[in-house]
Amino acid sequence: MATARARAALVFVALLQMAAVVVVRASHVVYPELQSLEAKHVDGKLRTGYHFQPPKHWINDPNGPMYYKGLYHLFYQYNPKGAVWGNIEWAHSVSTDLIDWTALEPGIYPSKTFDEKGCWSGSATVLPSGVPVIMYTGIDPDERQVQNVAYPVNLSDPYLREWYKPDYNPIINPDGGINASAFRDPTTAWYGPDGHWRLLVGSKVNMKGLAVLYRSRDFKKWVKAHHPLHSAHTGMWECPDFFPVAVAGGSRHYRRGVDTAELHDAAVAEEVKYVLKVSLDLTRYEYYTVGWYDHATDRYVPDAAFPDNDYGLRYDYGDFYASKSFYDPAKRRRIVWGWANESDTVPDDRRKGWAGIQAIPRKLWLSADGKQLVQWPVEELKALRAKHVNVTDKVIKKGNYFEVTGFKSVQSDVDMAFAIKDLSKAEEFDPAWRTDAEALCKKLGSDVDGGVGPFGLWALASGDLKERTAVFFRVFKANDSSHVVLMCNDPTRSSYESKIYRPTFAGFVDVDIAKNKQIALRTLIDHSVVESFGARGKTCILTRVYPRKAVGDDAHLFVFNNGESDVKVTNLDAWEMKTPKMNAEE
């Protein structure tokens, strides 16, 4: 990512090289000799304690999340036969609280001609009658990606254990100039004022990503619109998501989710904007825009303030992909799920017997100023908090650090706030850095002394600090005398293992730090995951790490400051986290 065309070309080459190292697995490169080798042993040393994952084998995209008859449902892409991608079906789990999960029988699996070579990602739509419907991408005998529908066998069953696929599938074929090998991941459908249902399917034409729009009166026959809902020159769009969010100026309850069914109310419709999120197959990042949607013309126009390209805002600046949101009617909120892939190697995954987790489900809403989305772990997560320690008003001078003791940090929730009294020592900010936070983080890592910062946490650290994952802030001074805050997750020293992929992840934080000279950081630590939320959820970064020494009781937590300006930890609350019921069979 860069501002100059020539530099952008170099970065593009680098991204391709990066993909060759690790991302190809996320792009579903097939290992025929490995995909059906069942794990005989599951190595639990680095398995997460409270993040969602099945007992063994490969998982990827979250699919069809919904709430039905008192239960949260999550389907997800799963290989029942091995720890690499292949044999994909929709595994199915249910929960009453988004924390404890029970595994059920697979919801959708290859069983018909129209999906005999795979059941890929999709979404759930709850019809006005209360009937839930799954729409998903099937791979047919000709390797075409087609869109199919499935209905519950028994609507009185809150577990929705069985699904049937009507014979009139596929309901959408890749006709009319659509690339049959790049046509997948249908969205949740929405009902328009003209009596038509609408949904999007991700696709591309050359390097242009497309959100292809389809309409239907009966949810059976779907007709392609003359134009996509939206497009941009970013490469293939996977896992599109399109949904309304409340605007603060129009509602006192702007943090609530908005159900598309409510949009028939004209007053509600005037108080919302729309979010279009896409997952970029080329870079394996996601980005989103916020804008206006015209129901009459079926046009979506992003607000000018939102970059409509791969420099755009992201849900998460780390290892977070193929996200899918849903409206939770029980608590009137929108929740987003995201897949966190492994960063180790295929042999490592086979040895472990598992690969992939889901990020902690997050509540999502539009910020009060309308400039970005904000995310925060669902409130139910607090039920797992156990032993607690607290630190207050502790000043850290340049080059100093302290250990947070009295609890086990390897599976923990750490919520803290920093105060910076003196911002005068902030380094000058080069405007060219604005489009490449990751490169800036890599250049100015946690061990590079600065003016204001770097300051933050060393998580999953060994006692001698030779292994550690840094989560930190660094403050710069811009030409207009405002301040720019950089947030980084730096795993370059996270493990003695040399063959794993350890990129720095970073994003800028939209906060006026000069106003109150404070910034908050919450970090969820879970054996091989460091999931951080800066400035109360304005910037989120998830990192996968694989320490060799900093495991179990040998994992430590430190707070550090390598900046000239003193930093005060005004408050730090840390909790050990209990292990919930995680996908044991009913």
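Backbone N, Cα and C atoms are what each Cβ position is placed from, and that goes for glycine too.
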Candidates C488, C540 - disulfide partner of C441 as recorded in Swiss-Prot: C488
Site-mate of W58, I59, N60, D61, Q77, W85, W120, S121, R184, D185, D281 for substrate in Swiss-Prot, selected among E33, E143, E238: E238
Max pairwise CA distance, angstrom, over record-listed substrate binders W58, I59, N60, D61, Q77, W85, W120, S121, R184, D185, E238, D281: 20
For W120 (substrate binding site), the number of other Cβ atoms found within 10 Å of its own Cβ: 25
Cα-to-Cα gap, N60 (substrate binding site) vs N341 (N-linked glycosylation site), nearest whole Å: 7
R184 (substrate binding site): secondary structure state under DSSP, collapsed to three categories: strand
Distance from D61 (active site) back to N341 (N-linked glycosylation site), taken between C-alpha atoms, in Å: 9
N479 (N-linked glycosylation site): tally of other CB atoms within 10 A of its CB: 9
All-chain count of other Cβ atoms within 10 Å of E238 (substrate binding site): 25
